[in-house]
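Working notes for the structure below.
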Amino acid sequence: MKDLFRIWWISLLVKLVLSALIPLSADEAYYWVWAQRLQLSYFDHPPLVSWLFYLGHFLEPFMNAVRWPAVILGHGLLAVWFYILKDRIDFDKIKVWTYLVLFSPLLGFGSLIVTPDLPVMFFWSLALLLSLQAINNKFLSSYIWLGVALGLGFCSKYHIVLFIPCLLAYLTVEKRWKDVRWNGVLLTLVSGLIFCTPVLLWNYQNDFASFEFQIKHGLEKSSYDPEWTLSYILGQILIVFPLIFWAALRAKVPKDLRWLLYFGWGPLLFFLFTSFRALVEANWPIIAYPAVLALALFHPKVQKWTKVYVIFWGAIVAIVLATLFTPALRKLSDKVEEPYVFQELSSVAKEVSPLYASSYQMASSLWYFSKVPVFKLKGISRYDFFDTLPEAEPQGKVFYLVKRERNGLPKWISEQQWQMKEIRKISPDFVLLEFTRP
């Protein structure tokens, strides 16, 4: 027990230090911009990730500690799962599970990066704990809080909806409907609707644009590419780790823990199905990982294989950190170097105004690093949050644009007779342009 407590606090401290040192990625900066323009919800995702950045505003003088509220919430997943497992398996197994999570590429190192995955993972886990309490103890309060957890999960990421079919499958196949209190289910529905109201109201006010975008993004493709399914299967095996994946697949699970099968394999099977319709991003099934790692605990060789797992992913994390903090190594990966490039580029935002950028990633990063508002030029790239803002289209007679040289311009530039002049090349990739009109 004391070992688990110590591991929890030490790992949290390590996460807080690293998350403050590592500059925000472009997507994180995008969510940070949302926190500058708080809304009920957003076109790309529900709002909770922006609320977490808003809570961290007072920490911005301390490097990148604006991440801390989200990192702490994400780390809370370990505490929630401790309460899920503590009366069901021994502490040695829980300790193994903790190491599996901490060294997982997405649940461990990945939890330093603030995305909608952090809050949805916490509320998915909390909803699971409350569901088990509602079924086993039949407390009405558990049903109420279950609705709260699901509602806030819906405000985090739409993937929380997969919790419902996983729960229904468990109740049906394992014949647990007799343990359900129907007045409690009503309370869950009411509290759930109350706490997901921001997302529902925003979508109602905006013609359900966010729902439509996510459905098309995840399911609608005109043709099938077998590489989608193959890359999904191989990617998930690698992320979970081949030995641990095999352990979870072959584990003999006790009857009172069979819910792990539904909440582990359920989301993975769902996204396997969607891989026949569209490309599945590697992190989408992240909600399945805690349960899958728990399933692996029941394989006789899991402790031996966990050592291999920790060494492998520990080495990968060490390499990534060395790359992040060594300027000469950053150039090996455009994605690793990107935040540092944008950080240097952000000085332009203090030189000219109003400044626009050619992508939401660039606009968000320049805004975050300079603390001067920088907007994406309307229509210059795919539709996103910036296109919904009135500032996305210049209103004066002059504006400036920083863009990669290979990027084009929106049609309205020529239609409105803007005159373009190159101010300077900022680097081999970027150019600063001035636009004027009579």
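Just so it is clear, glycine is given a Cβ too, placed from its N, Cα and C backbone atoms.
The shown structure was predicted, so the numbers you read here are calculated from the model rather than taken from an experiment.
The transmembrane segment annotation in TrEMBL covers 7-26 (among others).
The average pLDDT the prediction assigns to the domain 'Glycosyltransferase RgtA/B/C/D-like' (44-202) is 97. Residues or ranges marked as domain 'Glycosyltransferase RgtA/B/C/D-like' by TrEMBL: 44-202.
Feature annotation from TrEMBL assigns transmembrane segment to 65-84 (among others). Panel annotation: around the transmembrane segment (65-84), residues 4, 8, 11-12, 15-16, 19-20, 24, 28, 32, 49, 52-53, 55-57, 59, 94, 97-98, 101-102, 107, 111-112, 114, 118-119, 121-122, 125-126, 128-129, 132, 290, 294 of the same chain, lying at least six beyond its termini, place a Cβ under 8 Å from a Cβ of the stretch.
Among the features that TrEMBL reports, transmembrane segment is placed at 96-124 (among others).
Outside the transmembrane segment (144-173), and at least 6 residues removed from its termini, the chain residues within Cβ reach (under 8 Å) are 41, 45-49, 116-117, 119-120, 122-124, 126-128, 130-131, 134-135, 180, 187-199, 211, 214, 258-259, 262-263, 266-267, 270, 284, 287. Among the features that TrEMBL reports, transmembrane segment is placed at 144-173 (among others).
Residues 39-42, 46-47, 134, 140, 143-148, 150-152, 154-155, 210-211 of the same chain sit 6 or more residues outside the transmembrane segment (185-204) yet have a Cβ under 8 Å from a Cβ within it. Residues or ranges marked as transmembrane segment by TrEMBL: 185-204 (among others).
For 229-247 (among others), the entry in TrEMBL reads transmembrane segment. Within the chain, the transmembrane segment (229-247) has long-range Cβ neighbours (under 8 A, six or more residues past its boundaries) at 100, 104-106, 268, 271-272, 275-276, 279-280, 282, 285, 289, 292-293, 295-296, 299, 301-302, 305-306, 308-309, 312-313.
Look at TrEMBL and you will find 259-276 (among others) tagged as transmembrane segment.
Look at TrEMBL and you will find 282-298 (among others) tagged as transmembrane segment.
According to TrEMBL, the transmembrane segment annotation covers 310-329 (among others). Within its own chain, the transmembrane segment (310-329) has Cβ neighbours under 8 Å at 18, 21-22, 99, 103-105, 108-109, 241, 336, 340, counting only residues six or more beyond its boundaries.
For the transmembrane segment (282-298), same-chain residues at least 6 beyond its ends with a Cβ under 8 Å from one of its own Cβ atoms are 77, 81, 85, 89, 93, 96-97, 100-101, 104, 106-107, 110, 115, 117, 120-121, 124-125, 128, 159-160, 162-163, 218, 235-236, 239-240, 244-245, 247-248, 251-254, 257, 260-261, 263-268, 270-271.
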